[in-house]
Amino acid sequence: MLLALAQWLQNDASFLRVFSYLTFRAVMATITALLIGLVCGPAVIRKLTAMKVGQAVRKDGPQTHLVKSGTPTMGGVLILLGIAVATLLWADLTNRFIWIVMLVTFGFGVIGWVDDYRKVVYKDPRGMSSREKYFWQSVIGLFAAVYLAFSVSEASNVRVYDLFMAWVRSGLSMGLPPHADLMLPFVKSISYPLGVWGFIVLTYLVIVGASNAVNLTDGLDGLVIMPVVLVGASLGVFAYVMGSSVYSKYLLFPHIAGAGELLIFCSAMGGAGLAFLWFNTHPAQMFMGDVGALALGGALGTVAVIVRQEIVLFIMGGIFVAETLSVMLQVTWFKFTKRRFGEGRRLFKMAPLHHHFELSGWKETQVVVRFWIITLMLCLFGLSTLKLR
């Protein structure tokens, strides 16, 4: 919004040309989202407290968590508010990638909001059924996947439509340009051609998988938000590189026209996340709930797909992957041993993984900070793939 205004006025005020610099707008988006979160946070906490949307705590979990019962949840609305305002103010609103990422983020946010609302307002511990939640995630994920399959390699929505129609005329058998290939980290000249169907399936799995993985990780004060900020900031660097014809050529990456604008979105997400952490650090004054976790995970997955860094997201989001695998392994092993031995057995003391460490004697703050450190190391490793190729 401000970019369009600055471009209109810059002939009369040359200093407004600074708005054309992505880095300037990224910094301003971070500051804007951060300030919105810090200013609005207390009001959001009071409102959630008045609505009596307190978090229920599992009685079979760590006993130290019982004091958290009643802490306001659904605080993810504060994050989404900061992201929305900062992105709308500082991003180029003619950019197609901005809108598809916003659609996925807020679409998943609505799903999470409905789930949280049913749990805490209607006192339904199940919230949305797994089938219902997965259905709506699939609708949004598949829509984004189909659109991105034809937009990643094109420079405008007109070209996206032309490519889509060419695919239809080919009997749904046409391949995609090299820009849409699956990129392998640390290898500069090898990529895997996915084709339209392969791209759609992979994109769907990345977006929906990332959303649920972040949601599973959200279980301790401050645990999930800092990894989201770190991974989002790292993806913002990739977006800046891929969106620049100069840097992408120098670093031997495909140039994806318009991807650089996602740096603004990632910066807004980082600022909003840090503001939320101000109130979510131990002892937390509010939790983000599904409305925040599902939305942020979907955002990370969508940005990773656009900048063709699905594998790097898997690396940098290693904490999310480990948490998800711990749940899958725990459930699978329990069901297998129950059928085999008549009694279910557990691989971990409790899943997701962060609860296993708590029950093993780690303090909550130790788990959180150590997971942050691991994520920072993984993000630096992921960023190293920019040059080590």
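Keep in mind that glycine also has a Cβ here, set from the backbone N, Cα and C atoms.
The feature transmembrane segment is assigned by Swiss-Prot to 25-45, 73-93, 97-117, 135-155, 190-210, 222-242, 259-279, 287-307, 311-331, 366-386.
Scored by C-beta pairs under 8 angstroms, the transmembrane segment (366-386) has its highest count with 222-242, from the stretches 25-45, 97-117, 135-155, 222-242, 287-307. Counting Cβ pairs closer than 8 Å and at least 6 residues apart in sequence, the transmembrane segment (222-242) and the transmembrane segment (73-93) reach fewer than three and form no contact. Within the chain carrying the transmembrane segment (287-307), a Cβ under 8 angstroms from the stretch's Cβ atoms is held by residues 55, 71-77, 79-80, 97, 100-101, 104-109, 111-113, 115-116, 127, 137, 140-141, 144-145, 148, 152, 202-203, 206-215, 217-218, 224-225, 228, 231-232, 235-236, 238-239, 242, 256, 259, 262, 265-266, 269, 273, 276, 280, 313, 317, 320, all 6 or more beyond its ends.
Same-chain residues lying 6+ beyond the ends of the transmembrane segment (135-155) with a Cβ under 8 Å from its Cβ atoms: 96-97, 100, 103-104, 107-108, 111, 161, 163-164, 167, 176-180, 196, 199-201, 203-204, 207-208, 211-212, 256-258, 294, 298, 302, 305-306, 308.
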